[in-house]
Amino acid sequence: MEENAQVDNIASTSSESKDEQTKSKRWKDAFSSLKKNSRVWCLNSDNTWTLGIVQSVSKEDSIVSTMEEQNVLSQAKSHSHLLQLPSSKLLPANPIILEGVDDLIQLSYLNEPAVLHNLHFRYKEDKIYTKAGPVLIAVNPFKKVPLYTTDLIERFKGKKGENLSPHVYVTAESAFAAMMRDGVNQSIIISGESGAGKTETAKIAMQYLAAVGGGGGVENEILKTNPILEAFGNARTLRNDNSSRFGKLIDIFFEDCGKICGAKIQTYLLEKSRVVQQAEGERSYHIFYQLCAGADKELRETINLRPANDFRYLNQSSCLHIENVDDSLKFQETIDAMDVVQISKEDQESAFAMLASILWLGNITFRVIDNDNHVTVDDNEAVSCAASLLKCSKEHLMEALCTRKMRAGHENIVQKLTASQAADSRDALAKAIYAGLFDWLVDCINKSLEVGKRHSGRSISILDIYGFESFVKNSFEQLCINYANERLQQYFNQHLFKLEQEEYISEGIDWTEVEFIDNQECLELIEKRPLGLISLLDEESTFPKGTDYTLAEKLKEHLTFNGCFKGERSRGFRIRHYAGEVTYDTIGFLEKNRDLLHSDLLHLLSSCEMHLPQHFACNVEQTLLKLTGPVRRSGIESQKQSVATKFKGQLASLMQRLEDTEPHFIRCIKPNTLQQPNLYQEDLVLQQLRCCGVLEVVRIARSGYPTRIAHQNFAQRYHFLLPLSLANQEDPLSICVAILHQFKVRPDMYQVGYTKLFFRAGQVGRLEDIRLQTLNGIVLFQKIYRGYKVRQYFRKLKRTAIMLQSLIRARKVRRKFEELIRKHRAAIQIQKYVRCRAKKQEYLKQKEKTILIQSVIRGWLARRKVLAIQRKLEEEERVALEAKLHGEQLIKAAQMNKRLLEEFDTSEVDNPAHMDEELANPGVSSMHVDGQAEAVKVSPSYLAELQSRVLVAEAALREKEEDNSVLRQRLNHYELKWSEYESKMSSMEEMWQKQMSSLQISLASAKKTLAPDDFANQGFKYDESFPYKSIVTKQRGSRHMLPQEEEEFDWDDTTSVGTKTPDHLSTPRKPFLDLSSGRGELDAGRSVVSHLFKEFEHRKQVFDDDASFLVEVKTGQTEASLNPDEELRKLKQRFDTWKKDFRGRLRETKSILQKLGNPDSAQRLKKNWWSKKA
């Protein structure tokens, strides 16, 4: 809404300015006679200016072509539009050579469109600084520009500003050089509207002064004041994300040698109402949001802090964050700055407690208790927290907010407050606490910066103050701000004329003082006594029944005689300031001017146990004592000095301070309302130029001799326009005078100074037109002559080139032919070697393949031969085995035959009857005998061979039985030795466990006696590559490095084989489980599981400790010179290795336990093991 109103105000201001131009003829930059092809500015229907070229001229109207792009030198036009305009809507445009000049005074034609165009031209090229005589114009780029490097600071040191481009550094260097040269205190006055970049410009100037005056040690503290003042004094508005809501004057003191020795800060008109109320889309002061976002957990608990959205003073505007701004980082910067300026941690916590108390005061609510709308305070968390932070009684706080004590005669009357009165009382307390806190911070900063300032009287003051403001609804704050700008503008005008007059006198120029708009009448309207606006406001503020309406009527009654005042309907009135008329509404004037802090609230602050509220109350009482005296202190609120009167006194003191200095002016310009880079709104820039008085500076310069050129530069630029006889003079001044006479410049249009020529507006433009025409003619002649010479030279060159080309081409062809011959021969030679190499490679490949085939075939043949030999041997073995079996069968048959013969003989003797029977039957008997004989018939040789084989077999069998008996004896011997070895190992193991127990006890006692540095050698011994072993060792001091005696942990047990020892050394792997040990199988299983469990718990503790330590190092809780990420990676590798080994041993233990559960499998396993041992 304010931005739309601003645009409307700009339009109205433009129309009013046109009337003023018509009446006073400030910008009477008209042509004496319009000419064709002249550059002009055309006024459009929307009050904007367009550049054009005159096509034809009549008595009243002119036809002008306007275009988007044009080449003025060639007069080439593109996208042109013809307009017929009256001559009154045309203003002369400067020649192209003067576009983008550093100083607006150098322009031949000084008018509004010329100034706007020059600033826009430079702004597009990121040249944001432009001079307007003694004033530096700074256009906010809304982006980072490379104009503030250390190299530039070194470049500007000790240099004169005349030879340098405009810059804040140049202004600061001029002030520093003047102070050191003349011994006169300097001041840099920075002004502009909100969002124009005043605060940043002031910081840049301070950085330069700190660089050139560094070495005293206090310059860093001066620079660190900016984050503190911005946090506590800046806020987000609709126009600016970092708007200063107070004015400040920073005095930087220097020693005689130029080193900074101290500083002092003075503030003006802090906007206290922003603490309790903000418009939609705005924020309160930055420090509240920074505190809510950046406070650590301990501080939050100490001051009972909540998120910003929980506090009514912060969430009422629906704006808690600023885009691209991190409040938590800003809070840390503020803390660091407070440390630099030596504000103790206790004072910082007290200040943050005051801020939190303000936020909790905003959450206090009231409850109506009767029909008269009287209220009482709700006893809730807000009241308790506020009272706790202020360290006052909760009942006292509740009573002070909802009642008011008044003295009538000798009695005290307690008056209950209504809801609106109680809310005003609560807000007044919050504003008083914040204002006191802000003043206390400034006092702390000044105490830190006052080192050495008394030793030197030299200083440079930097004034960063609000610019002229005009909104749809303007209140008491806008009146004070505009009043301050009226005083600064008067001081600016007086100083400007003083500088102009000094330069004219130094150059010996006869100069009549020009008239200018004096704003003395407007200042008398505001500050005259007894019928000035401030006096009437103070008078009405003292009346108990005074209202905003009665104030408006009183102002209309007593101020209508002043030409700058005009009454409006209802409660409004208008004041014509130097920058335009502003309409004010008297709503809230009386309340803001009184700035009441009732005596009950003052007593409340005095009764607090915290020192800051007591300090605030003491300062208020001391101020009242100075103003009223001790006799009339009963009515504190009625006798308190009003805000307007106090501001008037501060402003008078500021003007007196500036009067004693040599000023340097910087006007900051906001190019657009969107805060976007590379966007230039001409209407907005024009309004600001009018408001800050830059156009008035240009107009005053135009009234005299705005164009000033040194004799040498003028003669060097225009001497070629003279005849040769006059141009050969050596004296530059004589050449200058000859040029002026040659072109009949009227004597009243220029004056000759000692070192410069002073011209009225437009005279240099006429000389530039003549110079341009002469240059065009010269260029035309040169073009024709040079064309002729070039054509002649070209023809001669062409003939010569053709001859040379024929010779060169012939030679090139011959060389090319010779080259082709050499290449042909070389190609044949190369082909020969290439083909030879190819054939050789092909032969080698075939040879390799042949050898490979031969090796394969020979291998196959060899393998076949070996297989045949193997089959032959197998066959022989088979035959031998069959022969052996056959021999055994024959032996068995012979034995059977022998037995049969014996049986036969026996049967013959014992059975003669049978014999007779056989004889009676000879056929049968013969058949039987023949059969037996036939069965027993064996070849004697074969039988002898069989007998020999049987003997050999028997001998071999006896040898085998002897070998077996020997092996059995050896086996018995080995079993006896193994049982003895097992008994010895069992006894040695018991003895070793006892030794380990005693060693553990001695280690535990040594661990308590030895120093922490020696502890690592007796506990865990890490690798040398483990960089934080000493730190980990210290952190593990509370737990045992080795298992306790009662745990009976066996490091060399079978479960720990192959793992890492406490010294991170690998142990050799042993057999996992000895089933033949003296312990039982069940006891062995339990021992294995127990040791695995103990090892797991121990390893878990070690890895947990190491990981916890690395986490502490990474989060900053523990300091160590190591890389936590790299060490964590190594720890993870060690953990993975141990886990893999432990998992394998766990699986092995599980399988063995399963086998132990099955007796058959256990017995079989034991047998297998014994067989392996055998």
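One is the number of the first residue shown, and numbering goes on along the chain from there.
Every residue gets a Cβ built from N, Cα and C, even glycine.
Annotations in TrEMBL come from automatic prediction, not curation.
Per TrEMBL, the stretch carrying the note coiled coil among 173-207, 698-732, 838-872, 943-977 is 943-977. Excluding G192, E193, S194, G195, A196, G197, K198, T199 themselves, the residues of that chain whose CB lies within 8 A of the CB mean position for the ATP site are, in sequence, N140, N240, S243, S244, G467, C668, K670. In the region 'Actin-binding' (651-673), helix, strand and coil residues by DSSP number 9 helix, 8 strand, 6 coil. Sequence-distant neighbours of T199 (ATP binding site) (same chain, six or more apart, CB under 8 Å from its CB) are N226, E230, N234, N242, S244, D464, listed in sequence order. A simple Cβ count within 10 Å picks out one of the binding-site residues G192, G195, G197 as the most packed, and that one is G192. Cβ neighbours within 10 Å of E193 (ATP binding site), excluding its own Cβ and spanning all shown chains: 24. Here K198 (ATP binding site) comes close to I190, S191, G192, S244, D464, I465, G467, C668: these same-chain residues lie at least six apart in sequence, with C-beta atoms under 8 angstroms from its C-beta. With a cut-off of 8 Å between CB atoms and residues at least 6 apart in sequence, the same chain places A138, N140, G467, C668, I669, K670, Q688 near A196 (ATP binding site), listed in sequence order. The C-beta environment of S194 (ATP binding site), restricted to residues of the same chain at least 6 apart in sequence and closer than 8 Å, consists of T237, R239, N240, S243, S244, Y466, G467, E469, K670.
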